[in-house]
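Student: Questions regarding the structure given below will be posed in turn.
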Amino acid sequence: MKKGYEVLRDPHLNKGMAFTLEERQQLNIHGLLPPCFLGQDAQVYSILKNFERLTSDLDRYILLMSLQDRNEKLFYKVLTSDIERFMPIVYTPTVGLACQHYGLAFRRPRGLFITIHDRGHIATMLQSWPESVIKAIVVTDGERILGLGDLGCYGMGIPVGKLALYTACGGVKPHQCLPVMLDVGTDNETLLKDPLYIGLRHKRIRGQAYDDLLDEFMEAVTSRYGMNCLIQFEDFANANAFRLLHKYRNKYCTFNDDIQGTASVAVAGLLAALRITKNRLSDHTVLFQGAGEAALGIANLIVMAMQKEGVSKEEAIKRIWMVDSKGLIVKGRASLTPEKEHFAHEHCEMKNLEDIVKDIKPTVLIGVAAIGGAFTQQILQDMAAFNKRPIIFALSNPTSKAECTAEQLYKYTEGRGIFASGSPFDPVTLPSGQTLYPGQGNNSYVFPGVALGVISCGLKHIGDDVFLTTAEVIAQEVSEENLQEGRLYPPLVTIQQVSLKIAVRIAKEAYRNNTASTYPQPEDLEAFIRSQVYSTDYNCFVADSYTWPEEAMKVKL
């Protein structure tokens, strides 16, 4: 056990002025703190007052991240006290701004920075990390950060923010989480010229050297932390994201949140929307604006969900259309990747999205291309003309990249549109006086619960069925009252309960399918998983002190 000033410098141990007098004396920190004793609730109040005093979301982000560096328990106590308020600060949309200014906001290193020049030595670098038990890693190479593109080493803000939500929303213990940046350079000329840039100052290394780095990283991580260590890939460029997922998914315990997590939350929204449209998913025609990893991930999970309804895979694929930067994806068109070719149909080539919407007449329109304003007034009005209750998801992040706003959607569909977005939007009051609360299809509904479930049962590999199961659980947690208010997702205040239910369901299916590795199987799975959840309450550091009977303590001469 640390003592003295080291206790106050360790965010895992530090309680600030919540240390009792006895703790201060026993830990040799008496006199290193003001002669004041504050409870955790008073400390939360102090942080909230400072938070409210700030006017910039970036400054609020820095305030909270500084707190995480000082007092971990208090940081998570603050986050969980009002998750709906703080999630947009520690994650989307503010984390995107924080990544763009990461050099300016950088205070204290958090996570592991591994570069292309460290090949052959990654195992040694992992030994430098102070924690010997790591259950979850979020790793990025910074090439496709949200909808902002290549931010290189500045992308470290994403794994840090993601893992904060692993704990705040899922209860995964923070000391068992490790954010990792794989720095192979950046093609962002602005960053290469930025005097505050904290990463390697050269163009991205690609090809065999890049693949060798990834292979070594995966082998080193599992050698150090075990084959059941969860490795989440985050914000890799499209080409690498699919390739690496296919390469590693059956060898390691891994998933890609941009492909599979986004798919799960989008399908959850669609399943909830079906309770409004009163039909089946396989009755719908889906059009995607975008054909990257998010779109393809959603499309593949929709196919799986339609198959579960009894439709063949071929029939399900016929109901899905995609538009990329070159237009409608059709058979015979040039520049189609194998993943896109999967959803190419016999149709003439078309480029304009408004014309495509008029021609295809989709019942579901999903935007994941990070093109702000792509869903024009004409498109929204056409969707309302084709459908009694059009389903329109503007899932691109951050807010500036959203295909349309909630207000535009409700206005141009005359309040009939069923809406979900990737970033938060304020409630909208219709001319009728009804107030609608746009559903935010945030991946944070998915990955914390998935992580908790996977870690709790020691799941060996994470298949797409896990994400369809997760989508079903999320949709089931949406009440009729939520739907009447325009919400396609459970209120964020319930996200910890939702994550727990996801974890329990994943673990149950893992034990049923013999894919779990934590044995013996707990008799009460929910109670077992609850026992694994992180507590934000302070630990007591007073030594266990007691006395013996006086006769037993007599000194014999």
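Positions of Cβ are set from backbone N, Cα and C atoms, glycine also.
Take a look at what Swiss-Prot says about it:
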ACT_SITE  Lys162  active site, proton acceptor
BINDING   Arg144, Asn238, Ala291, Gly292, Glu293, Ala294, Ser325, Asn397, Asn443  NADP(+) binding site
BINDING   Arg144, Lys162, Asn443  substrate binding site
BINDING   Glu234, Asp235, Asp258  Mn(2+) binding site
SITE      Asp258  site 'Important for activity'
SITE      Lys340  site 'Confers specificity for NADP'
Student: Which residue, out of the recorded positions Arg144, Lys162, Lys340, shows the minimum number of other Cβ atoms inside 10 Å of its Cβ in this structure?
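Tutor: So among Arg144, Lys162, Lys340, the recorded positions given, the one with the fewest Cβ atoms within 10 Å is Lys340.
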Student: So if I draw a 10 Å sphere around the Cβ of Glu293 (NADP(+) binding site), how many other Cβ atoms end up inside it?
Tutor: 28
Student: Please report the number of other Cβ atoms within 10 Å of the Cβ of Asn443 (NADP(+) binding site).
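Tutor: There are 26 of them.
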Student: In whole Å, note down how far the CA of Glu234 (Mn(2+) binding site) lies from the CA of Ala291 (NADP(+) binding site).
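Tutor: For Ala291 (NADP(+) binding site) versus Glu234 (Mn(2+) binding site), the Cα atoms are 18 Å apart.
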Student: Taking the centroid of the Cβ atoms of Glu234, Asp235, Asp258 as the Mn(2+) site, which other residues of that chain lie with their Cβ within 8 Å of it, listed in sequence order?
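Tutor: Not counting the recorded site residues, we get Thr140, Arg144, Ile145, Ile158, Phe233, Phe236, Ala241, Asn256, Asp257.
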Student: Within 10 Å of Glu293 (NADP(+) binding site), Cα to Cα, which of the recorded positions Lys162, Glu234, Asp258 are there?
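Tutor: Near Glu293 (NADP(+) binding site), where near means Cα within 10 Å, the recorded positions are Asp258.
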Student: Run through the Cβ atoms and count how many others sit within 10 Å of the one on Asp258 (Mn(2+) binding site).
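Tutor: Counting Cβ neighbours of Asp258 (Mn(2+) binding site) within 10 Å gives 25.
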Student: Using a Cβ cut-off under 8 Å and a sequence separation of 6 or more, which residues in the same chain sit near Asp235 (Mn(2+) binding site)?
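Tutor: In sequence order, the residues whose Cβ lies under 8 Å from that of Asp235 (Mn(2+) binding site) (at least 6 apart) are Thr140, Asp141, Gly142, Glu143, Arg144, Ile145, Leu146, Gly155, Ile158, Asp258.
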Student: Ten-angstrom check, please: count other Cβ atoms within 10 Å of the Cβ of Glu234 (Mn(2+) binding site), all chains counted.
Tutor: 27
Student: Go through Ala291, Ser325, the listed binding-site residues, and name the one with the sparsest Cβ surroundings, counting other Cβ atoms within 10 Å.
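Tutor: Looking at the binding-site residues Ala291, Ser325, the Cβ with the fewest others within 10 Å is that of Ser325.
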Student: Whose Cβ lies within 8 Å of the mean position of the Cβ atoms of Arg144, Lys162, Asn443, the substrate site, other than those residues?
Tutor: Thr140, Leu146, Ile158, Glu234, Asp235, Asp257, Asp258, Gly261
Student: For Glu293 (NADP(+) binding site), name the DSSP secondary structure in the helix/strand/coil scheme.
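Tutor: Reduced to three states, the DSSP call for Glu293 (NADP(+) binding site) is helix.
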Student: Could you round the CA separation between Glu234 (Mn(2+) binding site) and the residue listed as 'active site, proton acceptor' to a whole angstrom and send it over?
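Tutor: Spelling it out, the Cα of Glu234 (Mn(2+) binding site) and the Cα of the residue listed as 'active site, proton acceptor' are 9 Å apart.
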